[in-house]
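Trainee: Under the heading transmembrane segment, TrEMBL lists A:32-50. What TrEMBL lists as domain 'Cytochrome c' is A:108-198, A:205-286. Annotated heme c 1 binding site per TrEMBL: A:Cys121, A:Cys124, A:His125, A:Met263, in sequence order. Residues or ranges marked as heme c 2 binding site in TrEMBL: A:Met173, A:Cys218, A:Cys221, A:His222.
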Amino acid sequence: MSEKEIDSVTNVETTGHEWDGIKELNNPLPRWWVYVFYATIVFSIGYAVYYPAIPLIEGATQGISGETTRGQLHEEMAAVEAGRADMLEQIRGMEVGEIPANPELARFASAGGASAFKVYCSQCHGSGAQGAAGYPNLNDDDWLWGGSIEQIAATIRHGVRYEADGDTRWSEMPAFGRDQLLQREEILAVAHYVRSLSGLEHDRGAMDEGARVYAENCAACHGEDGLGNTDLGAPNLADALWLYGDSQQEIVSQINNPKHGVMPAWGERLGDAVVKQLAVYVHGLGGGE
Amino acid sequence: MTTVDQNGTAGSGLEQFDVEPVNRRDQQQPLYAPRKKIHPKRAEGTFRRFKWLVMLITLGIYYITPWIRWDRGEFAPDQAVLIDLYNRRFYFFWIEIWPQEFYYVAGLLLMAALGLFLVTSSVGRAWCGYTCPQTVWVDLFLVVERFIEGDRNKRIRLDKEPMSPSKAAKRVSKHTIWLLIAVATGGAWIFYFADAPTLFMDVFTGTAPTVAYGTIAVLTFTTYSLGGLMREQLCTYMCPWPRIQAAMLDEHSLTVTYNVWRGEPRSRHRKVQQAAGATVGDCIDCNACVAVCPMGIDIRDGQQLECITCALCIDACDGVMEKIGQPKGLISYSTLASYNHNMKLAQLADGTVDPARVHTADGGIAPEVEHTTLRSILRPRTMIYFAIWALIGLGMLVMLTTRDRLEINVLHDRNPVSVRLSDGTVRNGYTVKILNMMPERRTVLLTIEDFPQGAMIMPLEKDDPRQAIFLDIDPDSLRAQRIFVIADPEGLDGQQTPFRFRVRDSAGSERAEYDAIFDNGAAR
């Protein structure tokens, strides 16, 4: 375009572009806009030099700052770890039973335990520690291996029936039916007897036979009154809570061919401090003794 | 600029201003035009004095308020007005507001909005003209400018001069003082958010929080740029309020009005014209009203968006009228209704104004002319605004005086909702949050009501189920207490049992309740 065209109405130069008879005026951009535009260009050069910016075939330019989001994450996590270090050191240095007496430490341990519980324990025990059939509810006051904070810590540390750990908690109830240690009638009778211990509906006619079978085969572990034994992991048969169900059929099945839960030993994997924190959390759920 | 008397001959000491209104009504500037600087002349008179007073009071309130002390005992700050963001408390003399009582602030905002409606519909844009921070700070900055660079004419001359050491010195000292004022403005703001004396020392020793310095920096920048550099542009181009206020005005609202009915036809050579038998109004076209206008408008063009009704043109015009021996009030606060009434009196059949019709023979104002009085404020619209405003205020006052300073909130555990225990009973967990909103330690009694079968136990405390627990609560704080409730589901109907947590001040009569649910456990 050789000649500049001036619009007659506004006295403003046109761009020379024309669409269906409509011409565009060549008004200048507002100065502030232009300056901001230049400023962004200057900024972007600085940015590209300072930070990782330009993608290459493999990787990208690193920038003179050496900063990466991954590095930032590492720094932030290191800061978090450093903030916790003092508390964790205190927890390592004391017996687990002493922790609840220190309110600040107890709060810290309980929060850490809750978070670790969600990661490592909730798969079996549930996110609220409410358990499921075969997986104990940790909120209640019925403990197979003891509900004191020390006992809970020991269970977490060494697991239950976990062969890889030499100190694991171990007990196995004989399979009275499968191995033919008891007759079918004896099993039915002792199941009625066991139900009677916790006040459930039962056949009164089977009581004598049931009591005899119980005294000869069961009382050694579960106790004469059926109160169980936490040293052996023998459940309390006289209470209202049944890990594998309280129906006649479920009890018969358990005597016949018992199921045994297994829990991994967490001591080595999580370390002393986390195990103690978990113990404080579980103990504080409401059932701790 | 020339000095003329009302006959147009030099020497009477009455100034005639050679001034073109920057924002003339019928000459809308193109949007891309650079700003034309306004050099407002100093005005003197009733309204100027009133504005000094308003400036003194508003700035006084702003700067002094954070330093007022108010004793609240040892557990609460002793600053009368404090917005404690960290602890989420708002203190206003005897009132303390917690975050959950934020509706008081909403009520205050509502009152502020209605108050503005009320003020605007009755006395026009008084907020803009007198109390708006922009107006007050621009006034303050103008005082500084006038003190250093002189009044209007000297400033215009200085602007035109080439740069010289003395001009540079004036410019530097002006901007330095402006910046100091701006820093003091930002500096005062932060004292509303922390203990003022402590923060004052911290700011100077460099130990104040970064956010404090940041706030000072931002407010310094805004004060300096808006009050010193942008001035009237903020009102004209940026502020939404002039647009909204236009909708608030009606024909009975007070506005600054040039009374065309007695001013026109204006003439610079009034007496000459009069002697020649021509019709002349009271306006001698001296442009004093334009020269003092901080918004750069000519009020004689009528009501305009730019006009903030600062009334300085009234002062300027009254001064001139006094000198030439005419009655004051050629420019005055007037309602559109009175203006129209008087225009009807003055207008001839062809629409032109004959000022003689509203003047008496000796040059005074004719008795049939309607003068606007403050009675124009009293009318249904303003009454209704006032009634709603007062109602909200009264309502808030009643709520404030009768509000509870003890509250209870309860969170029922959801995972698990209930736990069956070995003896067959069911346990529900709750987080009971008790709010002691008094600045003193209190012992409260927590009870469960309408639930004779239930009993509370504290965590790790198994042997003592009971219906009432005493709890100590720290002053001005919230205690979140885990509480277990146990009950034998044998004695309960259905899946849930409704009951109430009640908390009562053991020393007083204050109490609060929360409706809760006890889950009876999974049906077996």
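Just so you know, glycine gets a Cβ as well, placed from its N, Cα and C.
The shown structure was predicted, so the numbers you read here are calculated from the model rather than taken from an experiment.
Help me picture where these features are in the structure shown.
Mentor: Proximity of distant same-chain residues to the transmembrane segment (A:32-50), defined by a Cβ-Cβ separation under 8 Å and at least 6 residues beyond the stretch ends, is recorded for 61, 63-65.
The domain 'Cytochrome c' (A:108-198): residue composition by secondary structure is 41 helix, 4 strand, 46 coil, according to DSSP.
Non-local neighbourhood of A:Cys121 (heme c 1 binding site): A:Ala129, A:Leu278, each in the same chain, at least six residues away, with C-beta under 8 Å from its C-beta.
Residue density at A:Cys218 (heme c 2 binding site): 22 other Cβ atoms are found within 10 A of its Cβ, drawing on all protein chains shown.
Secondary structure by DSSP for the domain 'Cytochrome c' (A:205-286): 43 helix, 3 strand, 36 coil.
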Trainee: Spatially speaking, which of the binding-site residues A:Met173, A:Cys218, A:Cys221, A:His222 is closest to A:Met263 (heme c 1 binding site)? Use C-alpha to C-alpha, please.
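Mentor: Of all the candidates listed, A:Met173 is nearest in space.
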Trainee: Relative to the Cβ of A:Met173 (heme c 2 binding site), which residues of the same chain, six or more apart in sequence, are found under 8 Å away?
Mentor: A:Cys221, A:Ala234, A:Gln254, A:Pro258, A:His260
Trainee: Measuring CB to CB from A:Cys124 (heme c 1 binding site), give everything in the same chain under 8 Å that is also at least six residues away in sequence.
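Mentor: Looking at Cβ-Cβ distances below 8 Å from A:Cys124 (heme c 1 binding site), excluding near sequence neighbours, one finds A:Ala132, A:Tyr135, A:Met263.
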Trainee: Give the sequence-ordered list of residues that share a chain with A:His222 (heme c 2 binding site), lie 6 or more positions from it, and have CB atoms under 8 Å from its CB.
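Mentor: Expected: A:Gly228, A:Asn229, A:Ala234, A:Pro235, A:Asn236, A:Leu237.
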Trainee: Over all pairs in A:Cys121, A:Cys124, A:His125, A:Met263, the listed heme c 1 binding residues, work out the largest Cα-Cα distance in Å.
Mentor: 11
Trainee: Can you give me the residues near the recorded heme c 2 site, meaning same chain, not A:Met173, A:Cys218, A:Cys221, A:His222 themselves, Cβ no more than 8 Å from the center of the site's Cβ atoms?
Mentor: A:Asn217, A:Ala219, A:Ala220, A:Ala234
Trainee: Who sits close to A:His125 (heme c 1 binding site): which same-chain residues at least 6 apart have their Cβ under 8 Å from its Cβ?
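Mentor: For A:His125 (heme c 1 binding site), the qualifying residues are A:Phe117, A:Gly131, A:Tyr135, A:Pro136, A:Asn137, A:Leu138.
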Trainee: Suppose the heme c 1 site is A:Cys121, A:Cys124, A:His125, A:Met263. Which further residues of the same chain have a Cβ inside 8 angstroms of that site's Cβ centroid?
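Mentor: Close Cβ neighbours, site residues excluded: A:Tyr120, A:Ser122, A:Gln123, A:Tyr135.
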